[in-house]
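S.K.: Pulled these from TrEMBL:
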| type | residues | note |
| --- | --- | --- |
| DOMAIN | A:206-287 | domain 'Cytochrome c' |
| TRANSMEM | A:45-65 | transmembrane segment |
| TRANSMEM | A:105-127 | transmembrane segment |
| TRANSMEM | A:139-157 | transmembrane segment |
Amino acid sequence: MAHGNNSKEKVVYVGDTRVRKGNGFITPPDYSAYPGKSEAFIPNFLLKEWMVGVVVLVGILVLTISEPAPLGFPANASATVIPIPDWYFLFLYQYLKLPYASGDYIVLGTLGVTGVAFGALLLAPFLDTGRERRFYRRPIASSLMFLSLAAIVYLTNTAWTEYKHEMAETGQIPEDVQREEKAAENRAKGLPTSSAVKAKEVAIIDKDDPAMGLFKQATCISCHAADLKGAGGPSLRGVGDTHDKEAILTIIKEGQGQMPKMYDTALGAGLSDQDIDALADWLAKQKSEQ
Amino acid sequence: MSSHNDQQDIWPEQPPSRKEMSRRQFLTYTLGGATAFMGAGTILPMVRFVVDPILHKKGAGDFIKVAEISKITEEPQEFTFELKQKDGWYDSTATLTAWIRKDAKGDIYALSPICKHLGCTVGWNNNKAHPDEYHCPCHGARYTKLGKNLEVAPKPLDQYKTKFDNGWVLLGDIVPNTVASEEA
Amino acid sequence: MFKNIYNWIDERLDVTPIWRDVADHEVPEHVNPAHHFSAFVYCFGGLTFFITVIQILSGMFLTMYYVPDIINAYASVEYLQSSVAFGQIVRGMHHWGASLVIVMMFLHTMRVFFTGSYKAPREMNWVVGMLIFFVMLGLGLTGYLLPWDNKAYFATKVTLEIANSVPVMGPVLKELMQGGTIVGAETLTRFFALHVFFLPAVLLSLLVGHFIMIRRQGISGPL
């Protein structure tokens with residue numbers, strides 16, 4: 001441990017700024033009593049922090065107004081896109097391309113060097129246990145950090161340059177730029193600007209078939225709706241995918257699940273056996289893909 | 001500015017010299033102002049973002065051409081029409097059905113065929129045992145020509161808002177039945 | 001009125017010492033930019049927290065529109081960005097804020113490192129701070145996938161391949177992260193859950209620890 005092995009050693013707080021313990025509230029020493037030495041957190045010090053905060057906030061707002069957050073085209077496994085992570089992962093991305101960090105040495109790349117570097121960073125206080133705080137008096141720790149920083153800057157820069165180069169070589173434009181241009185073009189023409197994939201609706205096949213009228217007459221529409229999309233009962237669009245004509249006839253005659261036997265109802269509504277046959281035939285043709 | 005005042009209220013009386021108090025007060029006000037600015041700058045865009053739906057103009061004026069007035073008879077007829085719905089990013093087309101007729105005085109009204117019992121679809125004259133009535137095949141609910149509930153259903157059939165334009169009947173939102181009560 | 005309510009609560013919970021401790025503690029001269037301009041390096045921790053607050057708020061508001069589902073995720077992001085008033089700003093805050101948090105946190109870490117502030121007695125706070133850093137990177141990684149566009153999709157595939165290369169555990173780890181054998185619907189819901197529930201919960205607990213330790217141990221002294 002940092003204090004050596006003697007656990008009874010008194011911990012020395014460097015530059016102790018804690019409020020002293022006491023009975024109830026202790027009036028902190030008035031900052032004016034130590035001119036130029038210290039000041040209260042609220043309002044004096046926090047105000048300075050907030051001044052910077054205000055500038056940062058205005059900066060963020062200006063950025064969000066001038067630069068919309070990028071959005072490409074919907075994910076598509078067969079698209080050809082150079083997979084590029086967010087900028088702060090670029091150094092890792094590039095590092096894993098290096099010969100000794102990829103291929104046979106991939107374990108060294110992912111766990112070895114990266115693991116050691118991040119582990120060392122996490123445990124820095126236990127590795128660098130000296131009492132010296134000034135960085136120029138801690139040559140090993142400081143130079144390791146400078147080296148890492150240089151490596152990160154170098155790798156990030158290389159990754160970005162290579163990415164730009166590859167994009168130029170393959171003639172690719174970043175998708176978010178493409179999407180924005182497309183949207184702007186469509187907006188100018190008054191077309192929908194969305195790039196989202198719309199769910200395809202299964203169409204009714206043979207809309208003009210007389211069976212459509214029979215479907216209505218036989219009161220099927222009460223539960224399956226006039227557009228076949230279903231209401232109380234399930235949708236019948238694309239029902240031919242899973243049921244052939246025989247199966248449909250069986251369901252009409254014997255019912256299924258919640259659906260009662262509808263055969264007599266249909267006859268009562270004025271359909272003939274032939275009509276019901278034609279209806280089942282038409283329903284069996286309802287397939288989602290031609 | 002009330003928040004600063006609150007803060008002042010709960011600050012215990014401190015007796016130091018006047019000059020120091022006023023400096024502290026000034027800093028506190030400035031800090032409060034900066035905090036308020038940061039809070040507002042962060043929250044206001046988000047609040048506007050989230051209340052956007054209630055600031056959108058409602059599609060109350062959306063009437064759809066459904067049928068020619070000349071074709072409407074005293075016998076209820078079924079008309080289907082499509083309503084394009086925009087639900088955020090989800091566009092859909094709802095197919096709606098209306099039973100339209102005119103009464104003896106020539107007033108045209110349109111009934112929604114959604115049964116008020118459990119939401120099945122009713123049909124006109126589709127049960128031989130009960131002629132000239134709306135009948136729901138699910139649980140046998142029945143309604144009169146005007147949509148008045150006779151059996152099973154707790155309420156009369158809903159109506160569409162109607163408008164007439166250039167010889168066409170236009171239908172709008174679904175509203176509770178107003179004609180059924182006219183029936184003696 | 002407010003005073004009475006406050007007094008009523010204070011009598012029962014004795015809250016005054018808590019906030020007076022936070023409000024009135026003295027900040028030493030060497031971190032005050034009014035005395036030494038170079039002390040501005042001490043502001044990055046506070047800025048990280050401020051931007052984190054913006055991230056949490058904008059993230060909460062974004063979920064009012066966002067759907068973690070492979071069909072609707074993209075459509076809802078596109079909708080909230082292009083059709084909802086101020087959507088561009090709220091999503092922009094979250095997107096650019098994510099980068100800014102990393103920048104500020106990096107600068108804060110560098111300040112702590114080069115001023116040697118992680119030394120005794122503040123070792124634990126450094127470790128907690130580094131854990132916060134890793135959680136933030138995790139938030140960046142999981143959040144990147146959520147719009148479900150091509151860039152997000154392929155970058156996530158690469159990330160999962162990296163996880164796959166870990167010896168022994170790799171394939172299990174990869175399948176656990178993607179919730180199946182492909183990057184798809186289950187990966188998206190998993191990343192969403194991590195991004196909005198698990199990691200923020202960890203982050204908040206670590207932040208509380210970080211701040212309590214700062215108050216207990218104070219700011220490190222001048223060099």
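Including glycine, each Cβ sits where the backbone N, Cα and C put it.
Note that the structure is predicted; figures quoted are calculated from it, not measured.
Have a look at these and tell me how they're positioned relative to everything else.
M.R.: Tertiary neighbourhood of the transmembrane segment (A:45-65): same-chain residues 39, selected by CB-CB distance under 8 Å and a gap of 6+ residues from either end.
Beyond the transmembrane segment (A:105-127), the same-chain residues lying 6 or more positions past its ends with a Cβ under 8 Å from any Cβ of the stretch are 1-2, 92, 95-96, 98-99, 141, 144, 148.
For the transmembrane segment (A:139-157), the list of distant contacts is 87, 90-92, 94-95, 117, 120, 124, 127-128: same-chain residues at least six beyond its ends, Cβ to Cβ under 8 Å.
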S.K.: Under the DSSP assignment, what numbers of helix, strand and coil residues are found in the domain 'Cytochrome c' (A:206-287)?
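M.R.: Result for the domain 'Cytochrome c' (A:206-287), in helix, strand, coil order: 42 helix, 2 strand, 38 coil.
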